[in-house]
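The active site, proton acceptor annotation in TrEMBL covers Glu1250. Residues or ranges marked as [2Fe-2S] cluster binding site by TrEMBL: Cys13, Cys15. Per TrEMBL, the feature FAD binding site maps to Ile158, Ile159, Val160, Gly161, Asn162, Thr163, Glu164, Val165, Phe238, Asp261, Leu306, Lys343. Here TrEMBL flags Gln701, Phe732, Arg846, Gly1013 as Mo-molybdopterin binding site. Positions annotated as substrate binding site by TrEMBL: Glu736, Arg814, Phe848, Thr944. Here TrEMBL flags 130-316 as domain 'FAD-binding PCMH-type'.
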Amino acid sequence: MEQLDEYFTGNLCRCTGYRPILDAYRTFTSNGTSNGTSVDNNSEVVGGGCGKADCCRLMKTEGVYNNGIATTTDTTTTTTTTTHDGEWSCREGRHLHQENDFTPYDPTSELIFPPELKVRRDLDDEYLVLRGRQVTYHRPTSFTHLIHLKHLHPAAKIIVGNTEVGVETKFKQCVYPVLINPTSVKEVTQVTLTNTGVQVGAAVTLTTLQEALILHTNSLPEYQTRVFSAILEMLRWFAGKQIKNAAALGGNIMTSSPISDLNPLLMAAGATLTLNSTEGGERKVALDQHFFTAYRRNIVQPEEVLVSVHIPFTTQNEYFHGYKQSRRRDDDIAINEYFHGYKQSRRRDDDIAIVNAGCCVTFLPNTTTVSKLSMAFGGMAPTTVMALRTMKELKGRAWDASLLEEGTSLLLQDLPLAPSAPGGMIEYRRALTISFFFKFYLSVRGHLSVSVPSLVPTLTSDELEVTRVHTYKHPSSAQLYEVVPEDQPQLDPIGRPRVHTSALKQTTGEAVYVDDIPDVKDQLQAAFVLSTRPHARIISIDESRALAVEGVVAFVCHRDLTEEQNQLKFPFDDEKVFASDKVTCVGHVIGLVCAEDRKTAQTAAKLVDITYEDLPAIITIQDAIKAKSWWEPKTIIKGDVNKHLNNNDNNKNNDNKNNNNLILQGEMHMGGQEHFYLETNAHLATPGKEDGEMEIYSSTQNPTLTQMQTAHSLGVDANKVVCRVKRMGGGFGGKETRTIVACIPICVAARKLGRCVRVALERDEDMVMTGGRHPFFSRWKVGFTAQGVLTALDMDVYANGGHTIDLTASVLERCIFSLDSGYNLGAVRICGHACKTNLPSNTAFRAFGGPQGMLFMEDIMSRVAAYLNIDSTLIRQRNLYQTGDLTHCNQLLENCTLRRCWQEVLEQADYSTRCQRVRDFNSNNRYRKRGLAVIPVKFGIAYTALFLNQAGALVLVYADGSVLLSHGGTEMGQGLHTKMIQIASRVLQIAPEYIHIAETSTDKVPNTSPTAGSASSDLNGMAIVNACETIMCRLEPIIASNPKGTWKDWVSKAYMERISLSSTGFYKTPDLVPYNFEKNEGRIFNYFSFGAAVTETEIDCLTGDHTVLRTDIVMDVGDSLNPAIDIGQVEGAFTQGQGLYTMEELLWKEPLPRDKDFTPWRNYCIHHKEPYLQGDLELIKFLVEGAFTQGQGLYTMEELLYSPQGALLTRGPGAYKIPGFQDIPREFNVSLLRGAPNPRAVFSSKAIGEPPLCLASSVFFSIKQAIAALRSDQQQQQQQQQLSPVFRLDSPATAERIRMACQDFITAKIETSPPGSFKPWSVRV
């Protein structure tokens, strides 16, 4: 399992929730089998069962493992669930997979490594040179040759894994004419044990280094290897196995990154570097404060080669610990020498640091007197720096409280940060340095209390918690669902956990996506020319340099279309295919370069010269509010809000908490989110030979929109355009409308050139061009009684829509329709504003405005509870809807199972018992706190645009009995096709294997609605039922005449009797009534999905790190069509929501000035005494592009943050952090509500794609409760510090926000600059 964890690190697929992937791969591990004979290092049974030692799958009956077969006679449910000590007994009647159904292991079929791929040393030992048009690649085999090559080419880059140079050439367009690979040179690839330490060759990979240090740590005395242990622990969380297999130690040093994880450790350890050159020979230099001279610069001369790194042994009087702050291991440390390594990042695994540190202290023997102190920090300057003054002043001091106090003050002086410094998060980064020092101080004190107990008292329990290591635990889970009745025919797949129809093809890599379609003759590749300005007039477009590039065929822009054709008509007409007179956001499409290959097109696109005249830009919601820049506001009014809210103007007037007219008011901001689908926008346009036809293969959720807009821009009727969608690698709403900005231009190019044109956007292009989830801001006032019952809500919500309306109006409507979040609000006035700004258009995203509105409401509930000092669960419960209630939009709630879900999840999670445990934990721990939150969800199912609630299907039965099924929905991994096949199977009464879905195509089913809104199974499923029933009616006489015949018999007979075996189907959702804002009436939704979740989270109050300990979910899906897919949707949606609410943050920066005026950055250097060289390209990268580089990993996760000029920072996985395998709850239990059929959807099912995402806010509010526990402690311990229990926490709850909300003696030392006194590095939009 440990190997599995290591290899999964850095692999991203949040839409799966990761659990099924882990479950599948566990079956291949030696200690992850279900035979119950193996355990992990914590003596906890893993894999095969739910993770519990008493799991029913591992229990025996008469010596045979039960493998989860239930003993209950109740055939209507999967389990006889019980609780004991807060844990589940998972006696499930069925599992999503049965391991005893797997093919038995056959040793004779063991796969071998292909001999053809084995390393050939005879070839590796040969000198290799590859010469290209721009680059020459050398692989020398001797040290002398390596040094000679560097002498001949001083500017050459030495590469091993290419993990840095590859990024620079791809994203920064750097060109390095000469590359040298030293991996065949013995002198730089060896690890040698010496009398003083370990000599590591500069080209040694991190994996080899890791293996060598483990070997020496296990064989040498413990006191000598403390630095090795520190490096090993940092390597454990440094990156994924794949990166460590390629990246080298020397590259980590020579890139001189200010946030390198290893450089602070090596500097604090006193590592020595060996350099060599042809003329200068060998020289040794210390890796100390003099080595790094500027951002990504060091003292190594251009002709020199880094040969090796000497990592010294530690002594018995020296203490050196190393671990990553968020994941570290407890090492046994001997007397008198301590070394600690610290790192805080956005995501636990495989993430670049925000701040990191290496700390080493040596004491005089048998004393607490410091003889030497060494501390190095990353992320606090353009280089890794040492706290020189602190190190000097604390030498000779006793390791006591006075040293801690003085050390924190000295560190603040040693590590200043200007308020506008690149990377932002100034107060947080400074607080981290003190927090790290405080942790180091306590850790060392703990060891001193053992080595010199007469001088140092033992640590208190809460101090011990500071030093407690955070170890990764393999997640456990249980999935519960209702089994089908015993009398259901075996042929009927409805309600059974069937495998996704594309699962095998996807896991083997055989599934075809758009970019997998083979190239065709005369095909061209396209690359976009995008705006670098948020708002500007286009003075001129000069493509001459691009057209001069060999291989470039054409440049396409607005000049190739009439004004009418250039206007996008769908969904609205406020956007153009190509910007013509002005651009209105960074990333606005200006033109398209078509070339013979992708690389040429991308290179040429960057050579198109655009001259701009800048115009004033609106970037943030606050800017829009100030300018009143928005489309028409929408307001919901129910009852008399003023009657309840006009008595008090602010919170301070609530003097008597016993009255029934209490009022609170507040604000909240919620960041946006990047879709981050695995497959970026990919499109292939093939022009027809006649009649203006066009065939499009597109990665889109909306083929009809693509068809209609293409037809408009080409000036033909829609019947001349066919859009085909085989499958998508994720969509989440991002491919509902925004795909047209990439697809329509290549169709225009294909028509102009008469050749096939294709494009597959790079990740950074996709993120810049297509927008994401809308950032929202709310300002509210709420009335409530002393018991917490809501009486009135007055709220204004603002959505940052970007530069065009797109779907913003609909997203805003869904937000205010969903804002009640399952609660009876009383009187209501909610006004929504769709703000127009100069950002890329934000668009549909899973749950479509619901998460924002529900989060605002849940935040209000948490503040009301905090104000009244009543458990927030009670406050929520007192306001929950029930059947017969009217929503704030006056829609009647029918078959409302919300309270059932609420009660069941409380029981399932053993909420009462765990509440007491959380209170006990918090009372015993000062620096770590836990929170436990319960959140409901009520999610309406239907498109709010009435005309979209329709679907069509086409069923073709062939004479051999096979069935070809077409419908209007698209497959993006959510299992829609699988469910549609199951539905057709039930109606046709045939096995699913007879049925095939080839694609979604506009020439099979016309006028399709987008696959969105969780409604696709409902709509398309009913259309399929309609079509299949038509065919079955035609077959009735045939079946009646031969009741014992087979399906093939009947079909063959019908064919011979000339009975039509094809049928269309159609469905429209009944009873929907458009909503009338003026009257507050209408039936907006067909029905509601309900659910509830309980989540427990632990936070590190000193760093803002958090761990999700457990999540329990009960979700009402009606009668599940496919429990395996539905549970997967619950888990995936929750994980995506977890990223939204706690991790994912988008940053935006100032674009590179066209005139390359670096004066502001030069002034920054001068003010902060940083070196600046006029024309210094490398430093310019730090100060201008470099803000991108530091933001790209240093300071990012999931929120839309922009610079005042509106350029996106987070343009890929290196910068934008989504949840990984190690971020999911340690225990994740999902239960589908039993006995809750839904009469308003196909086969009594319910929609599932979106509602569970909103339950992830339980993570956010459990974090907020944990913060509240810390603030309560501080209030009691420091009477002079007034910390209100009612406080604001914006979303996402990143480590920065968590830490700075945990106000304590450390944050009190951090000075803040008043807003307006500086230009921020980034802004919240």
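Glycine residues also receive a Cβ, built from the backbone N, Cα and C atoms like all the rest.
Automated prediction, rather than curation, is the source of TrEMBL annotations.
Listed in chain order, the residues near the substrate site other than Glu736, Arg814, Phe848, Thr944 are Gly733, Leu807, Ser810, Val811, Glu813, Ala844, Gly849, Tyr943, Ala1012, Gly1013, each with its Cβ within 8 Å of the site Cβ centroid. With respect to Cβ neighbours within 10 Å, the binding-site residues Asn162, Gln701, Thr944 differ, and Asn162 shows the lowest count.
In sequence order, Phe732, Gly733, Ala1133, Gln1136, Gly1249, Glu1250, Leu1253 are the residues near Arg846 (Mo-molybdopterin binding site), counting only same-chain partners six or more apart with C-beta under 8 A. Neighbour count (other Cβ atoms within 10 Å of the Cβ, all protein chains): 25 for Phe238 (FAD binding site).
Note on proximity: among Ile158, Val160, Phe238, Gly1013, the binding-site residues of the record, the Cα nearest Cys15 ([2Fe-2S] cluster binding site) is that of Gly1013. For Glu736 (substrate binding site), the same-chain residues lying six or more positions away in sequence with a CB closer than 8 A to its CB are Thr700, Gln701, Asn702, Leu705, Leu807, Thr843, Ala844, Pro1010, Thr1011, Ala1012. Gly1013 (Mo-molybdopterin binding site) is 43 Å away from Asn162 (FAD binding site) when you measure Cα to Cα. Checking each of the binding-site residues Cys13, Arg814, Phe848, Gly1013 against Leu306 (FAD binding site) by C-alpha distance, the shortest gap belongs to Cys13. In this structure, the C-alpha atom of Thr944 (substrate binding site) lies 9 angstrom from that of Gly1013 (Mo-molybdopterin binding site).
Spacing of Arg814 (substrate binding site) relative to Gly1013 (Mo-molybdopterin binding site) is 10 Å (Cα to Cα, whole number).
Of all the binding-site residues listed here (Cys13, Phe848, Gly1013), Cys13 has the Cα closest to the Cα of Ile158 (FAD binding site). Computed over the domain 'FAD-binding PCMH-type' (130-316), the whole-number mean pLDDT of the model equals 92. Note: the Mo-molybdopterin site is recorded as Gln701, Phe732, Arg846, Gly1013; in the same chain, Gly731, Gly733, Gly734, Glu736, Ala844, Phe845, Phe848, Thr1011, Ala1012, Gly1249, Glu1250 also have Cβ atoms within 8 Å of that site's Cβ centroid.
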